[in-house]
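Engineer: I have a structure here, written as structure tokens, and I will follow up with some questions on it.
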Amino acid sequence: WQPPWYCKEPVRIGSCKKQFSSFYFKWTAKKCLPFLFSGCGGNANRFQTIGECRKKCLGK
């Protein structure tokens, strides 16, 4: 099993001023971590729940 390409992308908070609780996959640590997404911009390494992050990037 191979994780999707976006699991290897660095976290990007985006360029707006809002704060949404989100999770990203930290490739070097092989785990999902919380961060605050600004509401726009960013990248595909962003998940609404830790469960979604783990499912997509760890296959669990």
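Here the Cβ of each residue, glycine as well, is placed from N, Cα and C on the backbone.
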Engineer: Under Swiss-Prot's annotation, the disulfide partner of Cys16 is which of Cys32, Cys40, Cys53?
Structural biologist: Cys40
Engineer: Of the listed cysteines Cys7, Cys32, which one does Swiss-Prot record as disulfide-linked to Cys53?
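Structural biologist: Among Cys7, Cys32, the cysteine that Swiss-Prot links to Cys53 by a disulfide bond is Cys32.
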Engineer: Within 10 Å of Cys7 (disulfide bond), Cα to Cα, which of the disulfide-bonded residues Cys16, Cys40, Cys53 are there?
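Structural biologist: Taking Cys16, Cys40, Cys53 one by one, the ones whose Cα falls within 10 Å of Cys7 (disulfide bond) are Cys53.
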Engineer: Measuring CA to CA, name the entry from the disulfide-bonded residues Cys16, Cys40, Cys57 that ends up nearest Cys32 (disulfide bond).
Structural biologist: Cys57
Engineer: How big is the Cα-to-Cα gap, in Å, between Cys57 (disulfide bond) and Cys40 (disulfide bond)?
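Structural biologist: Cα to Cα, Cys57 (disulfide bond) and Cys40 (disulfide bond) are separated by 22 Å.
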